Structure formats: structure tokens, C-alpha cells
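*Asks:* I have a structure I would like to understand better, so I am pasting it below and will then ask my questions one at a time.
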Amino acid sequence: MSGLRRRGTIATVTIRTWLTPPPRRPAAPLDPSDRRALWIEITIVLLVTFGLSGLSSMLSLLESALAPAPLSDQTVALNVPRSSQQLIDLARQLLGIVRLLAWAALGVYLLWRSGIGPRAIGFARDQVRRGLLPGVGLAALIGIPGLGLYLVARAAGLNLTVAPSTLEDYWWRLPALVLWAIANSAAEEVLVVAYLITRLRQLGWSENSSLLASALLRGSYHLYQGVGGGIGNVVMGLVFGRYWQRTSQLWPLVVAHALIDSVAFVGYQALRGQVSWLP
């Protein structure tokens, strides 16, 4: 009995530890010109990347909500053909992948220019191996409940039907989908977690406030999928953001996100037409 009580106490303390913001040294106060420069940088980065995607996603959700058909009867595809010509389609898919990787590189570069290198955010090359096992665990923690939330939200009419891919059955389809998953994960975790939270810390935001801002941004650019997609990604953002705040390790988030997207993209191709709940 005492053993069960002890394990329960340990579990409670562990959960409380992760819910509590990590202690951190106060950021050095910035003079007004430096604060203004940081805000300008954040605004430009977000307008070029996921901030603009969030605004566009909100308009897409509004358009879907105003359509005559219920949300669950409407379909949105994540990976679509970009040309009727196979090689041109492949080239455009690769350009889209490179653009996302460039977004990730932009975030890393801007932090590096301000004295915060890849190792400080847990994104150095020799830290990859350490992030593999935690990444698998995070993928299971988020991916399995996330699928359940999607099915519930769709059944409740709060989500569109999401088709992860409508690409033609070309030889390069599966490798391209995996590359899309990797590029998505790198861009989102670098910019939305490491870059944004770091910059907000420098501006004097609390850990909880910067975490919430990061999670809401992540949810905003998934609203095109419906309310369920937005809420699910806010939860994912809270979990991923807190993990990074407490560990300063970014690779587990990148690995987890890439696994979740790869399973969704490739699994959809394998199961489409085999199970009734896939469009």
C-alpha cells in the first residue's frame, strides 16, 4: 500500500514539475531601440512565414463555415498536385519543401546572429541521436489522441474531412511525402517554438505567456482544417513548447512532428479505400 502511495506521489510531483514554468535567469533589460528592433524582426518573420499562414487559415475556416454544406461534408487536402505534368509536379513539390527548410534556416540564422547558436536551442547536429527516443514517445503521446480528437470533431461537425494527400501515384510520391513531413516539422518547431519563445523571453515575457503565444500561433495556421484542428494543435503546442522550455532540446520535437506527419501522409496512402473513416 505504501508503495502505491509513493508511486502516486512521485507521479503527482512529476506532473506538477512539468506544468510549472521552469526557472530562468531574468533577461538583460533591452533599451527601447533594441526592443523595437526585436518586435520588427518578429513581425517580419511571422508575416513571411506562419503568421500570414494563420491569417489565411482563419479566412479559409470562415469561408468553409459560410458554405451551404456542413464542415464535415467538406474536404481539405494537405498535399496536392501542383502540375498535371509529372516532372513539373515533382519540381514544384521539391520547391515547396525547400521553402519550408529555408524558413527553419532563417530562424536558426537570426538566433545565431544574436549570439544564440544551434546548441543553445538543442538543434546541433551531434544532438540528433539523443532526440530520437524522446521524439518517438512524444509522437505517440500526441499522435494517438490527436487522431481520436479529429474523428470526434469531424463527427460533431466541427472539422472538415482531412485528406492528407491527393498526389498521383508516381514513383516519387512516398519519398516526397516523407520530405514534406520533415520540412514541416523543421520549420514549425524552429520558428514557432525555439525562435518565437526565445525572442519573447528576450522581450521580458513570462514562460507561460510565451508558451501560450507559441501554442496559439500553431493552432491558428491549422484552422483551415476546422475547430478541431485548431484546438488539437494548440494542445500540441502547449506540450511541445513546455517540453522545450524544460529541456532546451529541439530535436525530440522535430523527430516527433516528422513521425506524426509521415504516418499520417504515408498511412493515408496505404489505408485509403481500406477503412471506412478515411475519405
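Placed from the backbone N, Cα and C atoms, the Cβ positions cover glycine too.
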*Asks:* Quick test of your reading of TrEMBL: among 173-196, 221-244, where does it put transmembrane segment?
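*Replies:* Comparing 173-196, 221-244 with TrEMBL, transmembrane segment matches 221-244.
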*Asks:* For the transmembrane segment (38-62), which stretch among 90-112, 132-157, 221-244, 250-271 has the most Cβ pairs under 8 A?
*Replies:* 221-244
*Asks:* Limited to the domain 'CAAX prenyl protease 2/Lysostaphin resistance protein A-like' (171-262), I'd like the whole-number average of pLDDT.
*Replies:* 97
